[in-house]
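Chemist: Please find one structure pasted underneath; my questions will follow.
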Amino acid sequence: MNPQAKLIFISSLLLGTTIVISSNHWITAWAGLEINTLAILPLISKSHHPRAIEAATKYFLTQATASALLLFSSMTNAWHTGQWDITQMTHPTSCLILTSALAMKLGLVPFHFWFPEVLQGSPLITGLLLSTAMKLPPITLLYMTAQSLNPTVLTGMAILSAALGGWMGLNQTQVRKILAFSSISHLGWMAIVLVYNPKLTLLNFYLYTLMTAAIFLTLNSTNTTKLSTLMTSWTKAPALSAMLMLTLLSLAGLPPLTGFLPKWLIIQELTKQEMTPAATIIALLSLLGLFFYLRLAYCATITLPPHSTNHMKQWHTNKPIPSSIAILTVLSTTLLPLSPMISPTI
């Protein structure tokens, strides 16, 4: 892709996200979301492969539908209350339509079908943007309207997302699809606590972004998209593969790694809100996710020769590990001791 074009698309993504985050009015938020959608489409379809074109088309159709629903919910609210302010979303029907629209934007169950397909058709770096940066504007809107949303609907969606995200990721062989289902189950954790403690949702999102960025950049540097190639990538960069294993286990939420922190705080908050059954169910459902993270970690690091793959081993490269991956990996594995500093502020 032309560097100038790429610069324009990345600048538009930043602009769209900034507009959504800083807006008070529903129309400006909607405009920011539209700029974001239009800016990411060329980045998805830049390879001109039929699967990439299909992914871009699916992404465009779902995001356009979600934007229309968002506009409809804000207009319905304005019709009933005379308010266009984002924080003044008070009409119950508008809140329900808004929840559906933002769930579709994010890929929450039952509006999740597009996400694994789109991620599978995108390059790894675009996949990283779709899993992290493109989720920030809808999560910001959920954060701003949290007090108006229906807790029962969100809890139901959250538990279904954690269940389906874990369950459907079990038999995948494509790494991008596994990461897509991982993203869906993490969104479940963010949604379940949104009404009770929105700051916790944001904390979970930030830490999820850290860990996912580390994984995507590692996979991109070893050029890995399937489990079979992941099995032989350890010969190329052994240190990177070892750190990938730790980052995957952190994403699974195992102590004493960073990923345990948001899960621990969310379960604590749900117990405070007397939602112990929901906390128990979502904690058990995270075991499904743990299985496929362990599978990825096993393929990345623990499978040593002699093993049964028929692939040629890759050349060992003495290329230094990029500093961005090193920093992200360290943050993805060592932030748990900061929890005493974070807990009082949440």
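Using the three backbone atoms N, Cα and C, a Cβ is placed for every residue, glycine included.
According to TrEMBL, the domain 'NADH:quinone oxidoreductase/Mrp antiporter transmembrane' annotation covers 23-287. The domain 'NADH dehydrogenase subunit 2 C-terminal' annotation in TrEMBL covers 290-342. Per TrEMBL, transmembrane segment is recorded for 5-21, 56-76, 96-115, 152-171, 178-196, 202-219, 240-261, 281-304, 325-343.
Tell me about the surroundings of these features in the structure.
Modeler: Within the chain, the transmembrane segment (5-21) has long-range Cβ neighbours (under 8 A, six or more residues past its boundaries) at 28-29, 31-40, 42-43, 129, 133, 136-137, 140-141.
Long-range contacts of the transmembrane segment (96-115) within its own chain (CB-CB distance under 8 A, at least 6 residues past either end) are made by residues 33, 58-59, 61-63, 65-67, 69-70, 72-74, 76, 89, 130, 135, 137-139, 141-142, 145, 149-150, 153-154, 157-158, 160-161, 163-165, 180, 183-184, 187-188, 191.
Counting residues 6+ beyond its ends, the transmembrane segment (152-171) has Cβ neighbours under 8 Å at 96, 99, 103, 108-110, 112, 116, 177-178, 181-192, 194-195, 275, 278, 281-282, 285-289, 291-292 in the same chain.
Counting residues 6+ beyond its ends, the transmembrane segment (202-219) has Cβ neighbours under 8 Å at 124-125, 127-128, 131-132, 135-136, 139, 143, 175, 179, 182-183, 186, 189-190, 193, 225, 230, 240, 243-244, 247-248, 250-251, 258-259, 261-262, 265-266, 322, 324-325, 328-329, 331-332, 335, 342, 346 in the same chain.
Residues 182, 203, 207-208, 210-212, 214-215, 218-219, 221-222, 233-234, 286, 289-290, 293-294, 296-297, 300-302, 321, 325, 329, 331-336, 338-339, 342 of the same chain, all 6+ positions outside the transmembrane segment (240-261), place their C-beta atoms under 8 angstroms from a C-beta of that stretch.
Within its own chain, the transmembrane segment (325-343) is flanked in space by residues 203, 207, 210-211, 213-214, 217-218, 221, 240, 243, 246-247, 250-251, 255-261, 264-265, which lie at least six positions past its ends and keep a Cβ under 8 Å from the stretch.
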Chemist: Taking residues 6+ outside the transmembrane segment (56-76), which of them lie with a CB under 8 Å of any CB in it?
Modeler: 26-27, 29-30, 33-34, 37, 40-41, 44-45, 84, 89, 91, 93-95, 97-98, 100-102, 104-105, 111, 114, 117-118, 121, 130
